[in-house]
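So that you can see what the record holds, here are the features copied from TrEMBL:
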- 28-60: repeat 'ANK' (REPEAT)
- 56-88: repeat 'ANK' (REPEAT)
- 89-117: repeat 'ANK' (REPEAT)
- 122-154: repeat 'ANK' (REPEAT)
- 155-187: repeat 'ANK' (REPEAT)
- 188-220: repeat 'ANK' (REPEAT)
- 221-253: repeat 'ANK' (REPEAT)
- 253-285: repeat 'ANK' (REPEAT)
- 295-327: repeat 'ANK' (REPEAT)
- 325-357: repeat 'ANK' (REPEAT)
Amino acid sequence: DVSSVRDVGSVRLLVKQPGCNLLKPNKDGWMPLHEAAYYGQDQCIKILLRGSCTLKEQTALMIAVVREHLACVECLLENRADPDIINKERETPLYKACEKESPAMVAMLLNYGASVNKSCIQGWTALHESVCRNNVEICEMLVKAGAKVSMPNMYGITPIFVAAQSGKVDALCMLLKNGADLNSQAADGATSLYEACKNGHENIVKFLLSQNADANKPGKTGQLPIHIAAQRGNDSIISMLIPATSKARVRRSGISPLHLAAERNRNDILEVLIKAGFDVNATLSEGRSMMYEDRRSTALYFAVMNNNIDATTMLLKAGANPNLDTFNPLLVALRQGCIQTVILLVEHGANVNANIPTHPTSFPASVMFCIEYLTLLKYLMDNGCDALSCFNCVYGSNPHPPIKTRNNPRYDPDEAVISTENFSRWAGPIIDVLLDYVGHVKLCARLIEHLDSYHEWQCIKEKASMCTYTFCLNYSYMQMISVTCVFICWF
């Protein structure tokens, strides 16, 4: 009975029983020797070893190590227990001793020939484990016994990478003193400096830079340590990295730390980077821009998209050009109805007549985003938005072709969407505002049809009774409503 192995007396009786098989396991696979090792019964272990003919049950050593029974470990090793037999995770007794942070047990296993560079199923060695726990004493014992300071795990992570990643400065110093490669890269291209920045370990970053760590080594994504620091929002780390970072390298990466700071609303980081002279007009590389459906490219676009007025103000004051993106940030601000951002952009030169290249219209696209914001429409008109371009109609008072509609408004033809109830109700108020900026016009047949559908809009017809231009909402302004529907779907 395995469970009876709790004291010397019961073990002696067990050994004397005729036909007793000391190697027979119970339902859990445990033998008497395992039980003795688990409970730290070193005298029982000696009796059991004398009564056995083999030592196939040497995983008892692993149990004794895990349970931190030093006397049992010594007893097993003295009786030729193999210190390199692994468990199902491929961990050795030495690895588990490092996990338990027991210098005495580590020393004993090393003295009995334990292999110092055996790795577990994830590729971690005993040194990886000791570094992770910042146990310098054990680390030095392992290195003295021949542990490889730059041995990678299955992900290419070396012990120095572990020290930087987990913020273990003492272990880091010890590894460097013993020849570890400061700039080694993991399988994903990340360096120790990158990981320290990623995890916000300011003391590690400071130390690595003092040891000439390379701040310009990109990972497989092309990003540098300063990129991840900007994304994570640590201004102290950013300040340390700026002098060590090449702006030319940043440009080659296809993304500025300004983009990442603006995307994550890291206003303090944005301020530090701007003061350091990072280009506020840097654009994303084509490949990175294509990752966004709206093809955004500037830090300003990110700030406007986030409705971050402080960031928008900082960037514009620093000279950000509001007209670099495929979709003008002004259109985004208008869509959001943010008056303050719209004013900021217009005051800094945003194109009030901006169009959408992928959906060209004969009138300013900015007008279409003011459908629900008449105050903004008036502001745009006051600042030079071209209202006259809306007053075009190839049919005039002649019959108009029928409008073809589809079930999905995102893919409707340009003239279709206005015929829906939701959109047609905006026509009157918009036309009313536009008329104030172009004088009187003659309304086309289709427009009159829409205005007649709302009794309150009769005054608009009277306002346009002194005819100068013929205006067709159906084939010009109605066109932009369809484009609006497409753009709205992206938000």
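In case you wondered, yes, glycine gets a Cβ from its N, Cα and C as well.
Remember, predicted model here, so these are calculated numbers, not experimental data.
If you look at the repeat 'ANK' (89-117), the same-chain residues 6 or more away from its ends with a CB under 8 A from one of its CBs are 61-62, 65-66, 68, 70, 73-74, 77, 83, 124-127, 129-130, 133, 135, 137-138, 141-142, 145-148, 151. Break the repeat 'ANK' (56-88) down by DSSP state and the numbers are 16 helix, 0 strand, 17 coil. When the repeat 'ANK' (221-253) is classified with DSSP, helix, strand and coil residues number 25 helix, 0 strand, 8 coil. Each residue in the repeat 'ANK' (155-187) gets a DSSP state, and the totals come to 17 helix, 1 strand, 15 coil.
DSSP labels the residues of the repeat 'ANK' (89-117) in these numbers: 16 helix, 0 strand, 13 coil. Across the repeat 'ANK' (295-327), DSSP helix (H, G, I), strand (E, B) and coil residues number 16 helix, 0 strand, 17 coil. For the repeat 'ANK' (122-154), the number of residues in each DSSP class (helix H, G, I; strand E, B; coil) is 16 helix, 0 strand, 17 coil.
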